[in-house]
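Notes for the one structure printed next.
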Amino acid sequence: MFTVQDLTPLFPKSRGAAKDLISIRSAMTDSRKVMKQSLFIPIVGENFDGHNFLADAIKNGAVAALWQEDHELPWEIPTEFPVFFVEDTLQALQETSSFYLNKVNPIVIGITGSNGKTTTKDLAASVLQVKYRTHKTAGNFNNHIGLPLTILSMPLDTEVAVLEMGMSEAGEISLLSKLAKPEHVVITNIGESHIEYLGSREGIAKAKLEILDGWREGTFIFDGDENLLQPYHNTYQAISCGFNTTSTIVISDIECEEEKSHFTVKGERYTLPISGKHNVKNASFIIALANALNLTPEDIQSGFNHLEMSGMRYEKHIGKNNSLIINDAYNASPTSMKATIESMHQLKSKNHKILVLGDMFELGKFADELHRNVATVISNEVAAVYTIGEHAHQITEALQTVHPEIECIHFQNKETLSNHLQDKLTSNTVVLIKASRGMKLEALLNDLTD
Ligand code: ATP
Ligand code: MG
């Protein structure tokens, strides 16, 4: 990747940086994960301070470290071990990643949005790797720490870097965009996630649009069905993708099966190995991106065929009595919960459908209203809705009044919910599990599968 000596111009205050070149193969903030030949970057977190773990990091293979000046360096660290003293290790991590990004100089793709970032990132990487050496964000490493670490884990010969950019507050995407300087950017959608901190959907849109702050003016791809992004429709380099016929790229003739979806874009028919209209939309962003990077429709289809998705997103498991359990418990927001419920309605192979819905977090004063609103997309094709959490009872209560024929129960804890649910599993049952990360609803899986 680079050498310890490369860091000297960046961080002039150091000790132990020997004349012999020492190469660095990776950078780590977690001392337990430090690998051979790595640079250890201790971060001061809410619960832990990485500076307490330098000795462990060295044991695990660190060959140099950054160090925040206001911390005392433990006396037992050998004087020949290279340490670079900085004012703020978080900022130094970001500076190190900028230095490395400049050195590798790949085409950078930045992806943000309220929902669908990880899916779109996985789709982008699967498609672009057909033609380019592609590196992508691992899992959900999408914030001010994860993004620089993603950059620092990129092989030297990377041609395209696909970077997910996440946020919970205004200003965060701006920082990530200025750091990664994406050539092409994607805004997947504007939902209601983090409305607690951003006040309104307009506030959310503004925060996502910060991705243009570091943009190098390649293409700007976005959800053409979102009213708040309409002003960008006819701007230079903008490509909107949507079901709406005013979009630059119009998606038509969608057919969703249990395991895949088919759709048409610019006269070409594509098949995606995942279900759901929202995923078809995510795929259309990638068609726009792939066109900009000179891939043919055949290349794109070949990339879709080899899609590798990150875990717990519409993950299918065979449940007890040959039922089908869909674990989508990685996270939830009003938009993503509604989109996933709608894709359940499209499932044809099982007709005893059960929704297990938990709380969606960070909705502040809008929480009750936004939970109640989920009920509006549930039709009587669903047999039962079970909720759990502080706010999710709003869903069952609202639904009960419009659809008394649906079995609606709110549970106080996972155990009673699980007991009730286990009795319902037949070969005709499909269960969807969806909630915010903090609800940890995937814990139910153990009881529901053999
Ligand atoms: P996070 O903020 O947790 O990183 P994310 O934006 O990366 O989330 P994904 O993990 O890709 O999003 O998808 C989360 C869920 O959002 C999916 O399981 C699906 O229910 C829903 N979803 C995906 N794409 C869209 C979309 N374009 N519009 C609305 N909902 C979507
Ligand atoms: Mg994500």
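Every residue gets a Cβ built from N, Cα and C, even glycine.
Here TrEMBL flags 29-95 as domain 'Mur ligase N-terminal catalytic'. The feature domain 'Mur ligase central' is assigned by TrEMBL to 111-289. TrEMBL lists Gly113, Ser114, Asn115, Gly116, Lys117, Thr118, Thr119 with the feature ATP binding site. Annotation source TrEMBL lists domain 'Mur ligase C-terminal' at 313-437.
In sequence order, Ile111, Thr120, Thr188, Asn189, Asn282, Ser336 are the residues of the same chain, not among Gly113, Ser114, Asn115, Gly116, Lys117, Thr118, Thr119, whose CB sits within 8 A of the CB centroid for the ATP site. Each residue in the domain 'Mur ligase N-terminal catalytic' (29-95) has a pLDDT score, and their mean in this model is 93.
Neighbour list (Asn115 (ATP binding site), Cβ cut-off 8 Å, at least 6 residues apart, same chain): Thr188, Asn189, Gly191, Ser193, His278, Ser333, Thr335, Ser336, Ala339. By the rule that a residue counts when its Cβ sits under 6 Å from some atom of ligand 2, the binding-site residues Asn115, Gly116, Lys117, Thr118 yield Lys117, Thr118. Just so you know, the Cβ of Lys117 (ATP binding site) picks up 23 other Cβ atoms within 10 Å once every protein chain is counted. Across the domain 'Mur ligase C-terminal' (313-437), DSSP classifies residues as 49 helix, 33 strand, 43 coil. A coil conformation is recorded for Gly113 (ATP binding site) in the three-state DSSP classification, outside any helix or strand. Contacts of Gly116 (ATP binding site) defined by a Cβ separation under 8 A and a same-chain sequence distance of 6+ are given as Thr188, Asn189, His278, Asn279, Lys281, Asn282, Ser336, in order along the sequence. In sequence order, Thr120, Val186, Ile187, Thr188, Asn189, Ile190, Gly191, Lys208, Asp223 are the residues of the chain that are 6 or more apart from Gly113 (ATP binding site) and have a CB within less than 8 Å of its CB.
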